[in-house]
Each structure stands twice: as C-alpha cells, then as structure tokens.
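Asker: Could you have a look at this structure, given as structure tokens, before my questions?
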Amino acid sequence: MDQTQHPSKAAQPLRSEKTRHCDGFRIFLAALSFSYICKALGGVIMKSSITQIERRFDIPSSISGLIDGGFEIGNLLVIVFVSYFGSKLHRPKLIGTGCFIMGIGSILTALPHFFMGYYRYATENDISSLHNSTLTCLVNQTTSLTGTSPEIMEKGCEKGSNSYTWIYVLMGNMLRGIGETPIVPLGVSYIDDFAKEGNSSMYLGTLHTIAMIGPILGFIMSSVFAKLYVDVGYVDLRSVRITPQDARWVGAWWLGFIVNGLLCIICSIPFFFLPKIPKRSQKERKNSASLHVLKTDEDKNPVTNPTTQEKQAPANLTGFLWSLRSILTNEQYVIFLILTLLQISSFIGSFTYLFKFIEQQFGQTASQANFLLGVITIPTMASGMFLGGYLIKRLKLTLLGITKFVFFTTTMAYVFYLSYFLLICENKAFAGLTLTYDGMNPVDSHIDVPLSYCNSDCICDKNQWEPVCGENGVTYISPCLAGCKSFRGDKKLMNIEFYDCSCVSGSGFQKGNHSARLGECPRDKCKTKYYFYITFQVIISFFTALGSTSLMLILIRSVQPELKSLGMGFHSLVVRTLGGILAPVYYGALIDRTCMKWSVTSCGARGACRLYNSRLFGMIYVGLSIALKTPILLLYVALIYVMKRKMKRNDNKILENGRKFTDEGNPEPVNNNGYSCVPSDEKNSETPL
C-alpha cells in the first residue's frame, strides 16, 4: 500500500509493545468507570462528614455549607477552559490530570488532622483531674466558677490557635471540584466520538450503572469510620469517655478522604498511557484518510485566508450574543431552567444536612445513618433510574409524554415528602434548655434559664457541657447543674455514675439518693417514627430516580440543535452557582438559628452547636425543602402548557404547508414522521416536539 496514503504507518514500528497494549478503547472505558466510582465516592464522603467536620473545627453549619459548596466553586473556575479547549487537547491525559488533582484535593482535605493536635471534647479544667474540676456540685465555695477561668482560657487558646484550619478543607474541596471538571464532559465526548455506531448509549448507561458503586462504598466506609474515634492510633481509646451517641463525638472523618485520595491518584495512571485517538480498525482508518483527502487547503491552513480570520472574532461575538438571547427568550428553556434550579437546590441543601437531621430528630448515630442510607436508599435509586429508562423506551413516550411522566413522579415524591411533617419529634427533655432545672416545667425560652432551688447553692460553670442522664429520663447539661454531690467510677473516667443529685430527686420522685450517669438520655419515643422515615425515604428516592433519567433529554430538546451546547453550559452554570454553592449556605444559616446550646472554643468564641431545638430544626429543614418543591409542580404545569401550545403551532404549520403543496399538485405534503418535507421559513424555529 502506498506510504503517502498512510504516513503514520512509518512511525508505527517505533511504538513499544507496552504502548500497543494500552492503545485500546476498552481500557479507556475501564479507567473512566474507575474515575466515576472515585468521584462519586468522594462526594458521598464529604456529605457524610459534614457534621464531624463541624464538631472537629468548631464551626457553625453556615461555614460547613460553604465548605461543601467549595466543590462547585472549583468546578466553575475551570469549566469554561475545559469546555473550550478540552476537545482540542489530549482528552485522556486531561482526564488523568483531573483525577490526580482530585486525589491531591482529597488528601489536602484530610491534612489538618495531622497538625491540629489531639481533639479535646472537654475544656482543660474538665479533663485535668476529676477531683479538682467543676463536674460535681460545689456547695459553700468562695471561688466563682460561672465561667472558664482566664488562665485556663488563655492556655487553651494558645494551644488551639487553629481557628481557621477549616480553610484547608475548603481548599481541598475546591481542588476536588477542579479535578472533577474534565471527567464527565471529556469522557462522554470521547465515548461518543470513538464508540462504534449505536453503542454510545449502551456504554454511557453501563458507565452510570457502575458509578453507583461509589455512593454505596462511600456510605459503608463513612459508617465504619464514624465509629472510630478521630484520634484513633494516637490516644488510648480506653481514656475516651464519650461514645458515638454523644453530641461531641467526632469520628475518623479524615480516613475516608485519605482512602479516596489514594484511589483517585491510582485511577489517574492509566489515562497517561492512552493515545489521543484510540486504535481503530483498518476500515475506519481508510474512511478517516478518505475524509482527510477531501479537506480543502483552506480548511487545513486557515492562515491563507486572512480575510476570514479578520472577520471571525466579531462574527463569533455577535453569534454568541444572538445565541444567548435566543435561549433566554425561549420560554420553554427558561421554565425548565428555573424548575431544575429549584430541584437541585432542594436536593443539595437537604442532602448536605440529611445526616444531621437524622441525628437530631431520631437520635441515630452518624454510623447508623450512613449504613442505612447506603444499603437501602442507593439500590432503590439505581432500580428507579433503570425502571424509568425502561418505561420511557417501552411506552415510546414523546417529549410531551416524558414531561408528563416526570411531573407524575415529582408529584408522588412531593406527596410523600409532606408526610415528614408528621414525623418531626418533640424536643428532648433537657433541663436548663427545654425544661426548668428541676425537670418539672417547660420553659418559654432556652436563653438564661434561671437556676432552681435544687442547684442554686451549687457553683457551676454554665459553659461546661458534660451531659448526664438522670433516673427520671431528663438530661442535664452537667452533673453540677443536676445538683449531684458525689460520684463513683474508675480512673479512666469511664462508666462514671453520680449520686445525691438533688434536681433528679425533685422531678416527681421521692426524696432520696437519686443518681445520674454520663451521657444523654436515649430518645426511645422516636424509634417508631424513624422506621416510618426510612420507609418514606425509600419511596421518595424511588420516585425521584424514576423521573430523573429524562431531565437531560427535556433540556437538550428545549433548544435548537445548534444551541444545544450553549444551552447545556448555561444551565450548568446557573444550577451550580445558585444551587450547588448557595443552597448549602442558606440551609446551614437557617439551621444555625435553631441551635439552643453552642460550644465555647478555647478562646471563648462560639463554636459548633451542641443541641438543636429538634422541633424547630425539623420544621425549618422540611419546610424549606417544601417551599422549594411547591413551585416546581406549578412550573411543570406551565411547561406542559407551553409544549402543547408549541405542538399546536407546529401542527398548524404542517397543515399550511400541506395546503400549499396540494395547490401545487403534490398529494402527499407530509412525510411519514408527520413533519413537513420543506424546511420552515422561520430561522428561529425550535426543534419539533
């Protein structure tokens, strides 16, 4: 065969056998599947660790929401570069670089753990010596202990000068967002360009199915790591007197990011050995060469036509502005844009604080919440997505039919979500916050609850948080505020029991030597509601996933074919900015307003929340999601109306063209698909529905 026809063949023998092995489309698919698993794994680990990060860094929910939104911030920083230059560069290597950056970002997120020092769940005076602390009620003492002593606070502040180390977590999450950006668009375009004709959809479906392994692994890993104490391997775990049920417990949140970071770096390696264009069959090479010969010299060397180059820049700018105006004046596109923005905002905001909601409402640990959501919810969503795609194909739904189907599934999920209002639990019986200190009467406000007769003689530190559960089922902020005079326990401060608690004996009990034990009282009354919650969560996840597979199809069919890329890009920009970044922040800010007891940092500043008003938390969490979901249903009705009106307008055009052809002697004006054989005169006409 003539060498001039295949100039690349002369260089082929120079390739090493190792490179030949990597010159395959299947290897790219396998590596891309691995990267999908890694990026989904990292996302779930971040969401699952939000509460742990709040406690470890002593930050409110609004700051943790900003940290969570850092992923979208990083994504937006490079999305324009990736969208424009990605297809022109070496796509596999660019994806590999993204995976490597994603791994570095994940490791950076965990880095503060190694230089912050040990986690202190109690103040310095609590852990120094139990005999010299303010744990028990000190009667007739001259020293006032209504607050932490300045000496101890200054000492602790010097040790804990890590007030802004959470910024490293934010930067790490931003790096994860930067690294994730090229994976999906370049991976999908690579498959679409080089897969055999008709196989692209099968490959993409398989890819998304395999990606579901990531969330399942993420939930299981988070469940295991949440049981481990944050400083595991550094401290004697027998000396840790708090349990995962305690509001101060911090699990080994950093382990998940280390594991995910290493996996991301490993999955980046194969991409660097893949070619820019995969090895193809000889037939495909011949077709490619034939197409190459058909190119004109002007196409190959645009410099030879300077007039075209001079006119290109202003023409591109004018074309871009016209295209942007076209999609923003497209009412079908704008309605769908607002609709999906509300959907994404509701989903991201509620999912970010889902684990906190379960912990505060039903008294479940982070480990239990992660395990149940991973084992039950994710498989349910996977089956819903598969069934949704099957039903649409089986029923051969049109675009209008698909929109009605999604409207039905969204309505069903909305109805079941309303039932969450019935599952909101009442506040804990907490003396000094929801009840008077004697545990007998509710209080109107949790701010500055006055001392009772049972502990008015005690000299207590009100900033101290060492909750104890009395025999009466009431939780007290500390043994001192429970009026406990003595205690019994081992030297490691484990299984301590306090006695002669005057406030416990005043709660409808006979006077006597009543006791209290370390830790909050369990919320047994909410266990039944928790099982109902899990059931409704599975149903809601199923209906949500059932209709989610069609959202992208509605989007790309709402604009003209030549504006598809711009429409998808603008949609992604708006949704990521207003949904992915802002939703966790305003969800967190509203949740912060329900806090009844804040921790106090070593420097005396406000830290993380110890206890929320459960009822108010539930009303805001569920109510905010309902407030975002309600307009969605109205917008779906408007979208269906606009689609029907557009279909009617298209039908009228077909009839007019039919009469025109009939007048000219053409008896069959319409093709088999029901559309006119002659293109419409209107340049701005949309894709037929």
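Think of each number as a place in line: the chain as shown, counted from 1.
Cβ atoms are placed via backbone N, Cα and C, with glycine included.
Dumping what Swiss-Prot says about this protein:
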type     : residues      : note
TOPO_DOM : 1-26          : topological domain 'Cytoplasmic'
TOPO_DOM : 87-92         : topological domain 'Cytoplasmic'
CARBOHYD : Asn132        : N-linked glycosylation site
CARBOHYD : Asn140        : N-linked glycosylation site
TOPO_DOM : 193-211       : topological domain 'Cytoplasmic'
TOPO_DOM : 276-326       : topological domain 'Cytoplasmic'
MOD_RES  : Ser288        : phosphoserine
MOD_RES  : Ser290        : phosphoserine
TOPO_DOM : 393-396       : topological domain 'Cytoplasmic'
DOMAIN   : 448-505       : domain 'Kazal-like'
DISULFID : Cys454-Cys484 : disulfide bond
DISULFID : Cys460-Cys480 : disulfide bond
DISULFID : Cys469-Cys503 : disulfide bond
CARBOHYD : Asn513        : N-linked glycosylation site
TOPO_DOM : 557-565       : topological domain 'Cytoplasmic'
TOPO_DOM : 644-689       : topological domain 'Cytoplasmic'
REGION   : 658-689       : region 'Disordered'
MOD_RES  : Thr662        : phosphothreonine
MOD_RES  : Ser680        : phosphoserine
COMPBIAS : 680-689       : compositional bias 'Basic and acidic residues'
Asker: Taking helix as H, G and I and strand as E and B in DSSP, count the residues of the topological domain 'Cytoplasmic' (557-565) in helix, strand and coil.
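Answerer: In the topological domain 'Cytoplasmic' (557-565), the DSSP-based counts are 5 helix, 0 strand, 4 coil.
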Asker: List the same-chain residues at least 6 positions away in sequence whose Cβ sits under 8 Å from the Cβ of Cys469 (disulfide bond), in sequence order, or say none.
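Answerer: When sequence neighbours closer than 6 are ignored, Cys469 (disulfide bond) has Thr475, Tyr476, Ala516, Arg517, Leu518, Gly519, Glu520, Cys521 within Cβ distance under 8 Å.
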Asker: Using DSSP, what is the helix/strand/coil residue split across the topological domain 'Cytoplasmic' (193-211)?
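Answerer: Summed by class, the stretch gives 14 helix, 0 strand, 5 coil.
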Asker: Do me a favour and check the Cα-Cα span between Cys484 (disulfide bond) and Cys503 (disulfide bond); whole Å is fine.
Answerer: 8
Asker: Take the C-alpha atoms of Cys480 (disulfide bond) and Cys503 (disulfide bond) and report the distance between them in angstrom, rounded.
Answerer: 10
Asker: For the topological domain 'Cytoplasmic' (87-92), could you work out the same-chain residues 6 or more beyond its ends whose Cβ comes under 8 Å from its Cβ atoms?
Answerer: 28, 31, 182, 186-187, 189-190, 271-272, 274-276
Asker: Restricting attention to the topological domain 'Cytoplasmic' (557-565), give the mean pLDDT.
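Answerer: Overall, the topological domain 'Cytoplasmic' (557-565) comes to a mean pLDDT of 78.
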Asker: So which one is it: of the disulfide-bonded residues Cys454, Cys480, Cys484, Cys503, which has the fewest other Cβ atoms within 10 Å?
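Answerer: Across Cys454, Cys480, Cys484, Cys503, these disulfide-bonded residues, the one with fewest Cβ atoms within 10 Å is Cys454.
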Asker: Just how many other Cβ atoms lie inside 10 Å of the Cβ on Cys460 (disulfide bond)?
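Answerer: Taking every protein chain into account, the count is 24.
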Asker: Cα-Cα separation of Cys454 (disulfide bond) and Cys460 (disulfide bond), in Å?
Answerer: 12
Asker: Between the Cα atoms of Cys503 (disulfide bond) and Cys460 (disulfide bond), what distance do you get, rounded to the nearest Å?
Answerer: 14
Asker: In terms of Cβ proximity under 8 Å, which residues at least six beyond the ends of the topological domain 'Cytoplasmic' (193-211) contact it?
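Answerer: Beyond its ends, the topological domain 'Cytoplasmic' (193-211) has Cβ neighbours at 25, 29, 32-33, 36-37, 40, 187, 277-278, 280, 382, 385-386, 389.
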